[in-house]
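Noted in TrEMBL for the protein shown:
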REPEAT    B:62-104  repeat 'WD'
REPEAT    B:105-138  repeat 'WD'
REPEAT    B:285-316  repeat 'WD'
REPEAT    B:328-369  repeat 'WD'
DOMAIN    B:361-447  domain 'Sof1-like protein'
REGION    B:422-452  region 'Disordered'
COMPBIAS  B:441-452  compositional bias 'Basic residues'
């Protein structure tokens, strides 16, 4: 079909010729109709410069008087398939081509039709045909087209002579015999016509232009041509999808879940299908579907109220009851609010007390409540015993203990104590119940320990060990810190001094040890067990000679305090003890026991010495001694009383004794040690006190002093140079191997070969350029490493990823985060909307065709298509921008 | 003087119901969140990792056939129904939801080679090597018998015996025609025992036939002479032929883009073509290491699934050169047929080991009801994954797959071969006169010619 159409188009130029020939035939016939006056003709020609013949218009005018239905029937002929087929044949027969048929072509049908109409005018049988045709049309409901061919044939049969020039006429040859009518024959009668010459000229032209017609193509080729055309057509048809596809592809989101009809009905629909099955349901249905109720519903439900009758009395009663209840509730509420508002603690305490009292009274009164309470208590106890929740198990407590109780603040410590107390409380019940506890056992344990300690041989051993340990500590301390704050010169000085003091002290202690060892040997096992036992209680909270620097300091501090205020001695002492308690907890047990022994031993004799020494010692020492003396006197009084059972007292007493011992030994060493002691005190801690004129150096000065030794700037320069050398290494110096490449004498004469020098020079220049290009070339105090860091590599792409054309656009697209924290929910949705939105369980049908205007932007279209306006994501927008930019650049 | 006062209406910050979420007011100024980008990167990384963790694509296997499964068809009107035909002539209707056989269609003497169902899902058409085309009435699923495991057998509604064995059949979308491929392409009508039309071009066997779902008059076929043919039902003749270097095993039209189709080729590649320009493939999808046996588009048209002779199933994006996903199990043998489910969220594969396998189309997708907030979260994760997919770490994790050893080895070998070829080509080019050696682009390389 398509092929045929194309051929028609190709033949268009030929049709002009046909038209001419038609005109000839028209000319022949036009005499039959009435004519226009010549003036009018001219007028029309003037108006119509197109090559439409006046004659045609002529006949047109004539045609107007024709009947309407006839014309209609003719019109149908325009699309007669038969005629189109006829047209095909034309190409093969040249003669026929010239002699144009009526129903040749749509474009020229208009003339042919006219002619036909004229024919029908002439033909008396035509009217019958028309009627017949109309009848057929009415019956079948189809246009008259299918019947036309038949009719035409008949028509031609009836009046052959009238249409000698029609190629459609099959009887033409039969009628005429051999004679083929040429165009000349037809033109001859028109000789006297004014247009005749023109017609002839045209005819000649056509004859000259005619070509030979080729033989039909072989079947394979014909098929090929057909396929080609068919492909062309199907391509064209498929192309209509292009804009739609384009739109879908460009859309940021494609929705496939729009037309969803899952077949689920509404609640109303389900309810209407409900049928009562069980007895209960049937009863309910009977009530619900009662005639009266339904009727009432129909009447706006007003009569429903009538059905639901309640007596006035009842209603009033109910109202009253409700009001009462409400007012009660309100009052109660108000009271509660009022009570809650009271801020007085006493009030609340009293309230609580009252409540407890009431509870306990109830306990007393009600045996059941008592039982319950007891059970509860029992249960709590059992739980506690099982879980030990308040002992060690609590993670909080464990954590606190792990960190050390001494590091906690007051509140925490109190809480811990409370915790333990609770445990005690919970478990104590058991004791009262059992009522068979013995506090003795603990004491017994203590005694045993002390007894073991008092064994002379062991004590000796322990003393030796202690001595060793002290010496070890001394050796260990030797190392001076070489860096950090402690390496600063003034700190170093201080440290040194302190160390000296320590050494001295250590020496003292060692001597002490030795003394006591000797004494131990002397005295043997003759010791008072009572004293030993009291000494055993001194494990915690006692301050004694400690060999290590830090403790030493504390001690000195203590001494100083003592000398400062004699009167407060006792109180301060105890305070110190408390402070030291935590430290001492971690103290070595051995050390303690050793000290105990030592104290025990030394006490007896040193007590008496003290008085003499007080007299002897001058200066700051006196105050110190005084304090000791005071404690001693106090102790003595106690001793005199003969009561030494109080543990605390004894501990104080022994401590002071120990100080005594120490001092006495110092004195024995001589005056040097005393002065040393003094100096130490002044230098270490009491600087401000002893040298009030000393001023703190200013910050700058301090820094200068601190960094006196090192040149930071120089170091930095060096570092930078190193890094530069590492990243842009210096070229190697050209090396000349003697005897390689040249004889040695020539080498010596000529020196380095020129190429080597050149290469070296090039490398050097290259390096310099590279150094100049560095980011830190101009920055004096900065090093910017040009080595790419591996951590940053993870966060970078090596190239600009595919859809992006430039780096900037890519960066732009990545600039803004799309998360819900940085975008309001209105933009968060569109930003994160996926490309395809579908619903699981919904079958997606293939695409259906819809018209898409390719010139409208997809966004506008989507708005048009009742979609929620989808704002595009950053990415796609960025891409578009980049495209625009690129275009602009071009 | 103007006094500015902060005023908020209570509606803005109060909830309507106690179950409502508390509104959170945020200041979206980016200056306040300088680390947001880093946070998002880490989120993307985590999302990708989570994807790996949740990737459990295999849902279940459906066994019942006693021979290799040669073809499958999905019921266009029923989501859970899939037909499968095996080499021993057995056809089964499966209920995917319950993963069991609903009924059987016995009758074929030889292997069943083609299966298809009409758009309304009432009629099943099968054809096979016994030269018959059989039409079956598909039993209508009802809620009542969905729980019972009654297997029924069904008699064919009609049997049309023809002159040659058939290799493929496909039904027109929303029409009453179906096409069979054997010695030629025949167009049949439901109620005629003879084809209403037949297209012959060349004398080789037609292996596969597929109607265009968007444009129901167009169909494409592939033949054993390595050609791909296009037909238009409105024309008497075939429309166009294109010959490739290797045979095309299967064709699938893009249901959302009626001009495009993708072919599964024997050389392990898939080629997407524009039906108007057959001289060059639009895209070459490569990843399979052996012949691709079957291909099916997702109904969304954005991806397609392929089954290969290398015992794997892969899912490709419609415009991407490499697969998005690979599915394999130890027991799965050569895959002969694959189908996407009607809603695009499942993949079904039929293989040589007589089993149908059901996979998720997205390996880590959460099945079941997803709450709106969950969905929002998933969407956000998808978006940031997409956003940061270029970064090496994210990319690496997202692309990483454990492969069976033979496939891993084969793919590395293929890569080596390709590299060597490329290198040689480059050298040849470098050592000959400029312009005398030209490289054909990959899209055209495997096409021999287009025949008019």
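Placed from the backbone N, Cα and C atoms, the Cβ positions cover glycine too.
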Report the mean pLDDT of the predicted model across the repeat 'WD' (B:285-316), rounded to a whole number.
96
For the compositional bias 'Basic residues' (B:441-452), could you work out the same-chain residues 6 or more beyond its ends whose Cβ comes under 8 Å from its Cβ atoms?
226-227, 240-246, 265, 267, 269, 271, 278-284
In the domain 'Sof1-like protein' (B:361-447), how many residues does DSSP assign to helix, to strand and to coil?
54 helix, 1 strand, 32 coil
Residues from the same chain, set at least six apart from the ends of the repeat 'WD' (B:62-104), whose C-beta lies under 8 A from its own:
110-121, 124, 126, 128, 130, 136, 138-139, 141, 146, 149, 151-154, 173, 333-334, 336-343, 346, 348, 350-358
Non-local residues, at least 6 beyond the ends, that sit with Cβ under 8 Å of the repeat 'WD' (B:285-316):
249-257, 262-272, 322-328, 332-340, 342-344, 347, 349-351, 359, 361, 404, 406-407, 410-411, 414
When the repeat 'WD' (B:105-138) is classified with DSSP, how many of its residues are helical, how many are strand and how many are coil?
0 helix, 18 strand, 16 coil
By DSSP, how many residues in the repeat 'WD' (B:62-104) are helix, how many strand, and how many coil?
0 helix, 24 strand, 19 coil
